[in-house]
Amino acid sequence: MIEKIQKFLKLEAAGGILLLIAALLAMLCANSVFSPYYFEFLQTQVAVKLGAFSIDKPLLMWINDGFMAVFFILVGMEVKRELLEGSLSSYQKAIFPAFAAIGGMVVPALIYWFINRDYPEYQQGWAIPMATDIAFALGIVALLSKQVPATLKVFLLALAIIDDIGAIIVIALFFSNELSMLALIIASIAIMILITMNRYKVTGIIHYVIVGTILWASVLKSGVHATLAGVIIGFCIPLRGKKGETPLHDLEHTLAPWCAFAILPLFAFSNAGVSLAGMSLAKLTSPLPLGITLGLLIGKPVGVFSFCYLAVRAGLAKLPEGINFKQVFAIAVLCGIGFTMSVFIAGLSFGEEHPDETILALSRLGILIGTSIAAIVGYILLKKTTNKPLVQAG
């Protein structure tokens, strides 16, 4: 189990470095002579037609709705694996990170809402600071991998996975457009076929690719966000086949490097480019970016740590062996690294088809500022709290 986690951490750490490079390249492109070409390239229309059926969207939307759906297949498989036989497979294992994740979602959302309570045009962005970027957070942990306890890494993984579940629920409930009943019926049929394939332990991945593609296209047309199709597909991949095959593990092993080294960096490059033209200190400290930044920097650590501490004091959960509350707080600060998921939710919050570019730019700047500070402070705290054995608190 520990060996699998170590391999996963190494992969995610390398992916985190690529994410950072992609984000920096995006900022350079958006604020240089290449700026017109960068934004024009992302708005290039790409159409796919099959008889009467067609999807015609800008390249940016293909990346956000299409490639990110593949990433969410991986998320779905990771969540399923952890629920069935991993760090969330029992009440005792799941309850401590569950309290952490709930606090890390509720408090940032409340801080954002409080700061933007008098600005109705910004209020739909309340979910932006709720997210944690697992690749970046694990990348920071990997820099100190030799001195960070394995239990602490497992805690962060479990917390991030529950955080992903929360993000999936939020996307499903709050970011759906006008619904198409025909598309929903087709999607429902595709889901039933996937569930049947799972029940009969069909292990041929090509079958899931075909039905999954139909599900993705119908969900896209239905008004529900298309990435949710990815989660459903991931959940329907069997953990084991009739003859002992491991289709979920095999597909996870195949998709993980593609997501870490291609899809997420491409998403970062496409979404992190923010033009700083016309930006001022007054704009950067306006309610929208301020709410996001403080939600990530204050809301995340306060929410994660306080919910963990209170749960332990109330006897509802136990502090995992080998870690202490100082280390939990360091991890809580790292949870303020919201980058990819926060940027993704910002795009959903402020419109995909006809977004307000000024609002999107301000929200992305708030995310980048909050993420950067959380990464630096989290690294310092984690290094300080894990540089020598500490007596467990609690």
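Cβ atoms here come from the backbone N, Cα and C positions, even for glycine.
Quick look at what Swiss-Prot annotates:
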| type | residues | note |
| --- | --- | --- |
| TRANSMEM | 14-34 | transmembrane segment |
| TRANSMEM | 59-79 | transmembrane segment |
| TRANSMEM | 95-115 | transmembrane segment |
| TRANSMEM | 125-145 | transmembrane segment |
| TRANSMEM | 155-175 | transmembrane segment |
| TRANSMEM | 177-197 | transmembrane segment |
| TRANSMEM | 204-224 | transmembrane segment |
| TRANSMEM | 258-278 | transmembrane segment |
| TRANSMEM | 292-312 | transmembrane segment |
| TRANSMEM | 328-348 | transmembrane segment |
| TRANSMEM | 362-382 | transmembrane segment |
Selection from 59-79, 95-115, 125-145, 258-278, 362-382, the stretch that has most Cβ pairs under 8 A to the transmembrane segment (204-224): 59-79
Cβ-based contact of the transmembrane segment (125-145) with the transmembrane segment (362-382), 3 or more pairs under 8 Å: yes
Folded-back contacts onto the transmembrane segment (95-115), same chain, C-beta under 8 angstroms, at least six residues removed: 87-88, 123, 125-130, 132, 155, 158-159, 162-163, 165-166, 287, 290-292, 294-296, 298-300, 302-308, 310-312, 316-320, 328, 332, 335
Contact between the transmembrane segment (362-382) and the transmembrane segment (177-197) (at least 3 Cβ pairs under 8 Å, separation 6+): no
Stretch in 155-175, 258-278, 292-312, 328-348 most in contact with the transmembrane segment (59-79), if contact is a CB pair under 8 A: 258-278
Whether the transmembrane segment (292-312) meets the transmembrane segment (328-348): three or more C-beta pairs under 8 angstroms: yes
